[in-house]
Amino acid sequence: MSSSTAPPWTSSPRHGPTTSSGCWHRSPVPPRPARRCPRREPQLEGTRTMPERQLHLGYMHWLNGTHWGGWRHPDAPTAHAFELEYATKALRLTEDAKFDFFFLGDTLPGDLAAEQWITTHNTGRLEPFTLASQLALQSSRIGLVVTAHPTFYEPYILARLTASLDHLSGGRLAWNVVLGASDLAARNFSLPDLGGTARYERADEFIHVVRRLWDSVENGAYLQDKRTGRYVDESRIHRLDWQGTHFQVAGTLPLERPPQGHVPLLYAGASEQSRELTAKWADINFTGPATPAESLAFNTDVRQRAERLRGRVDPIFFLPGITPLIGDTRAAAVELYEELNALLPYDDDIVEGDQDEAFWSGPEGARISASPFPLPKGFRSVRSLSERVGADLRPAGIDGAVKPDTAADLNAYGRRLLTLVAERTGRTVDNGGVRVRDVLAASIAGNFPLVIGTAGQVADTLIYWFDQGAAEGFNVSTPFLWEQLERFTGEVVPILQERGVYRTEYTSDTFRGHFGLDIPPNSFTTTDQEERPV
């Protein structure tokens, strides 16, 4: 395959992220002790020299998968999601496959309207720090990513939580910073919904304060010298005494600097403010531009900003989110995709869909159309779809074909949905294969980036992006559990390993070590002070 031609089965990532019986239980396994050792250089496998540049993989753990209809699939489990063994099964599958990290997202209670609790896949979430502390005991090498929103934490609490868990995991923790707005979530914390600028300004200061708190007690500060009775070296303990716009923090933390110095930061977002935040603070970004060319442009822009904001060239890794959907054949994978779409909740055209064109051209309509998450009730009908795409699709009926003259009248959003249908199913308006149902399903299920095909075709797609320099790896989710995760770890990963782009063994025991990230100097002991918030 030419390196300049994208695989035909590629479903371009968009900005966003079982056993046959459905049984997931396995015999209890004793906890794996956390281990720490220096980072090692990649080993030789047989006579083949592993290339210096290796692809990275993270797993984003959703209790019910990313497809809104996934939880209804016959093979998907419907119980035990809040028991530890449910998460540890996914943890062991991914650690055995040498994933870099296990990602725990979060949705705060109140983010969803009452109706969405009835049908959505997005409400089952254990508190990430609690779950990560348990998973640290069940693993020894894979990184653990916890999600925390700066709006709903205080820097001191977050710094202590992350430092503690980095110690307990042996240096395997990372923090996913999220800044999404939600008035419903804010009300759970007796807070107003902060505007976009205020959220980012608060987050900038928040991250700076957290990093300084991590530095407040140097390594080696705890002497515990029984002969002299000197418990700590006070010269290695520093007060922060921060007086900022949003926070006033005295410091210090009651524990030594984390094993990684600073817990690595992850972030997703492509807005102007998100690019600045990634450039200034993040080690990993998992935003997913639509094409390799767009991804390269995005990555280059962020790296140039980072050099300006940090005053040096630091590595930033770009791992777009993807959802592989794997079948024995391409046709079988497409059939599974359509099975999942048939399980989506649809609205009644008679009573739903009454927004005018001004709504869809306004900020709320744009937010709903651009969201990677499933559409709420009231927006899941052919009538509502017609309003959003700028052409009346109702005369054809939900199972009727989209005619070429109708397609010609579609707006940019409607044309994008047709592109998604073509990428995912191979059907186009020109060959008469696109049904109104296909377009509606693409709009309801959200813009999660799907890669549909055989294990080999999925691997080809990942390698293509990797070889183009458009991604250093991928943040992987599955449309439902467990079968698709087992197929990815058991079929796609071995292909990546055989082609020499992915590790066969871990070469590090820490999150930073997996990515080759240096431990940053302590800001209290170096003249190279990190940039203060602006």
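These residue numbers are counts, starting from 1, taken along the chain as shown.
Heads up, the Cβ atoms here are built off N, Cα and C, so glycines get one too.
Keep in mind that TrEMBL annotations are predicted by a computer and have not been checked by a curator.
The compositional bias 'Low complexity' annotation in TrEMBL covers 1-13.
The annotation region 'Disordered' is assigned in TrEMBL to 1-50.
The domain 'Luciferase-like' annotation in TrEMBL covers 71-357.
Summarising the annotation, TrEMBL assigns FMN binding site to D106, T147, Y200, S271. Under the DSSP three-state reduction, D106 (FMN binding site) is assigned to coil, being neither helix nor strand.
Under DSSP, Y200 (FMN binding site) is assigned to a helix (H, G or I) in the three-state scheme.
Overall, the recorded FMN-binding residues D106, T147, Y200, S271 cover a maximum inter-Cα distance of 21 Å.
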